[in-house]
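Everything below concerns the one structure shown next.
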Amino acid sequence: MERSLVLLSVWALASILALLLVAAEECPERILGNERKRNCPRNCKQDKDCGSKRQCLCDGQCGLSCVVPSRTCPWPLAPGNNSEAHLLSPTPSFSALLAIRCLPGYTMANGLDAAIRRCQGDRQWSGDEPVCTAIAFLPPPVVDKGPLPSCELPEPDVSLVIVEGEPTVGTTIRYSCPSGYVLVGNSENVCHSNQTWHFPHPICQRMFCPPPAEVENGYLVAVQRREYDVGDTIYYLCKKTYSLDGPNRVTCLSDGSWSANPFCRARCPIPAQRSRIIIDGPKRWPYDVTDGVVQHGENVTFFCKHPRKQCSYTAMETCFDGQLQAPSCYMEPTWLQYKLFPHRLVSEIDSCSPADLDDL
Ligand SMILES: *[C@@H]1O[C@H](CO)[C@@H](O)[C@H](O)[C@H]1NC(C)=O
Ligand SMILES: *[C@@H]1O[C@H](CO)[C@@H](O)[C@H](O)[C@H]1NC(C)=O
Ligand SMILES: *[C@@H]1O[C@H](CO)[C@@H](O)[C@H](O)[C@H]1NC(C)=O
């Protein structure tokens with residue numbers, strides 16, 4: 001901004017001086033057709049060649065011409081694109097000078113950032129309207145500083161370690177291992193200014209799973225191996241009447257363990273015969289239950305008699321791997337009770353009210 005202003009002043013001053021010198025010395029001969037959009041007033045040698053209102057004055061490339069000195073050029077001008085106009089003379093009349101300056105970052109086709117226009121005898125500003133265009137900035141030159149000082153990386157042919165980051169001085173790098181391997185050592189390292197690493201490089205150790213444990217009362221569907229790779233899967237099946245406790249598909253994890261340890265669980269015989277029970281639904285006689293058994297994990301609800309009142313309450317037990325005990329409050333009815341008084345069986349009498357259960 002400051003620089004362009006100085007430049008403008010110097011340029012303007014030089015132009016003014018040149019014009020004044022031209023005027024003081026002698027006016028150029030009229031150069032016809034050289035200045036475009038130009039109507040030169042009548043040629044003259046002296047004032048009396050012109051009419052009463054006109055004077056014989058030097059009008060730039062028109063040479064000495066009959067002009068009306070009080071006539072003015074357009075002012076103020078419409079705002080230009082990327083430029084500012086300053087009138088350098090007190091009024092925009094004949095011979096007045098006008099400076100057009102490009103805004104910072106803009107320049108004219110001739111490489112200058114300012115131009116001077118003169119008010120001509122035809123009441124127009126001399127020359128074409130200047131066009132200020134943005135200066136194209138060149139990218140800063142790339143300075144080749146040569147390779148930066150760095151530390152040595154692990155041999156890629158020997159080490160499986162994957163390095164993330166640049167091994168240059170002062171930089172931290174990160175290590176990782178391919179799938180199926182675990183990193184043994186530090187996962188990060190920093191290169192010191194003396195071009196040595198803070199820690200030794202880690203190594204990648206292959207991970208594998210041991211053969212899965214044999215499953216009682218079931219089968220493993222897998223190729224027999226001493227070691228299994230990370231991601232390998234095996235399937236579990238149980239023998240007939242046994243149910244699988246856990247997923248049927250197990251995977252070797254990256255830490256060398258199996259994702260699950262399923263079991264084959266046995267069914268439980270129902271420890272009641274002459275009393276109705278509940279297995280996920282309505283009351284049933286045990287002889288109505290298929291094979292008289294429930295699956296591992298299933299709940300069986302038994303009916304117990306209130307110790308002092310003629311009412312029943314329930315107690316639940318869960319089958320666990322073949323083990324299902326009747327609750328301690330349950331009494332198996334005798335054959336006579338079952339045959340002679342079926343309506344008086346504990347599972348058939350009214351259930352106790354919540355109040356009855358308070359003093360159990
Ligand atoms: C300014 O720029 C616009 C768009 O580029 C153009 O249409 C207009 O003629 C320009 N005006 C001047 C005075 O150069
Ligand atoms: C390199 O610099 C580090 C930290 O400044 C220092 O601990 C290490 O001993 C240096 N190693 C050698 C070989 O000079
Ligand atoms: C058995 O009962 C327990 C406790 O109420 C419950 O969490 C479980 O889901 C039940 N099991 C079945 C198979 O309904």
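From the backbone N, Cα and C atoms, a Cβ is placed for every residue, glycine too.
What TrEMBL says about a protein is an automatic prediction, not a curated fact.
Keep in mind that what you see is a predicted model, and the values were worked out from it rather than measured.
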Disulphide partner cysteine [TrEMBL] for Cys252, chosen from Cys209, Cys238, Cys268: Cys209
Per TrEMBL, cysteine bonded by disulfide to Cys204 (from Cys177, Cys191): Cys177
C-alpha spacing of Cys177 (disulfide bond) relative to Cys252 (disulfide bond), in angstrom: 17
Assigned conformation of Cys177 (disulfide bond) - DSSP reduced to three states: coil
Neighbour count (Cβ, 10 Å) for Cys209 (disulfide bond): 23
Length of the line joining the Cα atoms of Cys177 (disulfide bond) and Cys209 (disulfide bond), in Å: 17
